[in-house]
Structure formats: structure tokens, C-alpha cells
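What follows is one structure encoded as C-alpha cells, with my remarks underneath.
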Amino acid sequence: MKILVTGFDPFGGDKINPAIEAVKRLPAEINGAEIIKLEIPTVFNKSAEVVKKAIEKEKPDYVLNVGQAGGRFGLTPERVAININDGRIPDNEGYQPLGEPIHEDGETAYFTQLPIKAEAKAIRDAGLPASVSNTAGTYVCNHIMYQVQYMRDKEFPNIKAGFIHIPFLPEQVVNRPNTPSMALGDIVKGLTAALSAIVERDGKGDIKAVEGANH
């Protein structure tokens, strides 16, 4: 089994992005699966082009995109990606779409194929906070999650794909009072647990567990 794991470069004025820093530190093999690591730009469309080339080259069984969600306390596997680009800030090439569809011929939304409840449980079992998230935002994180699902829908039907958000690093919140963060080593530990759960649940589907939200 082969899993392509991607992490974004820094954006929004930060000099570091925990996504790519954590991805780079993942082991080369987790629970018997080969881990392919890829840095992608925080840029609408270009990020998808980079991922598509890697899919064509590596032919992974799974794709897990990792992104920073500053303000969240734990690791949060994402349930759904929506067909909208709506940038709160410009991307790293200065592009700021304001309520535009990602693909005119794409579905309104795509659900992940990954066992997000099993991922969240595995992360918590590793001693770290985690919960299922029902929104990946409307920036490049949601964009790449949606784009990979669109690729799956149109070109790569055998791939299973999803996204997980991670918190800020402590050094990123020095001047962001009362903002949660997580040590890089713990983020790596959490991602490793999530990836192990993906491998363990291969062919079995997700677990039955309470992970819903009222709002």
C-alpha cells in the first residue's frame, strides 16, 4: 500500500507551516504502508497541479492532504469539501477568489473516503486531542481537498482521499495571545496515528462512533 501525504508551504505572513514540517518528519513506512511526502504551494489551482503530477507518478492507494488551521486545539480529520473558492486573504501568488466555484462541472460537495472517526480515535488513543471537523473552510485547504476528490471522480476512481487540519506550532502563537498550539513532535505523533488507522481500516470502512456536531 502507498499513501501520498502532502503539506503546504508557509502562508499568510507566517515563516513556517506546521503542515509541511510535520509531513517531512513522518516515517517512511507506517503500519506496512509506504509514505510518499510532498510539499505543495498555498496557491489555488497550482496546488492541485502539483498533487495530480504526484498521483500520476506514484499511483498511491490513498491521498492525505495536511493543512494548518490556526485556532484549533486538536487534529481534525475533515468530513467534506465544498465547491467554492472564497479567500479571506490572497494565496501565495496574490490571487484572492471571492465566492467562485472550483469546478463548474463538479459536485456541490464531496465526502472523504477516509475513516475519519477511526483517525480521530487513534489520535486520542495516542494521547492527543482530536475530533471530526465538518468544515475545511473556503481557502486553499478546502480547495485541495475538493480538487483531489474531483480528480478521483473524473480520473482516479480507485484512490481514497481526505484531509486533516492541524494546530499552530508554539512559535507561531508567541504574538497571538490565548491561541492554542501543539508541539511539532506531537503533531507528527498524531498524524502517524491517523495514518496507521487509515491502513488498519483499509477495506473495512469507518468505525461507528459518536463524532457528530450540533452546529
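Positions of Cβ are set from backbone N, Cα and C atoms, glycine also.
Features reported for this protein in Swiss-Prot:
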ACT_SITE  Glu78  active site
ACT_SITE  Cys141  active site
ACT_SITE  His165  active site
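Of all the Cβ atoms in the protein chains shown, 25 others lie within 10 Å of the Cβ of Glu78 (active site). Separating the Cα atoms of Glu78 (active site) and Cys141 (active site) is a whole-number distance of 10 Å. In sequence order, Val66, Gly67, Gln68, Ala69, Arg72, Leu75, Thr76, Glu78, Ser133, Ala136, Cys141 are the residues near His165 (active site), counting only same-chain partners six or more apart with C-beta under 8 A. Mapped onto three states, the DSSP output places His165 (active site) in strand.
Cys141 (active site) carries a helical DSSP state (H, G or I).
Here the Cβ of Cys141 (active site) has 24 other Cβ atoms within 10 Å, regardless of which shown protein chain they belong to.
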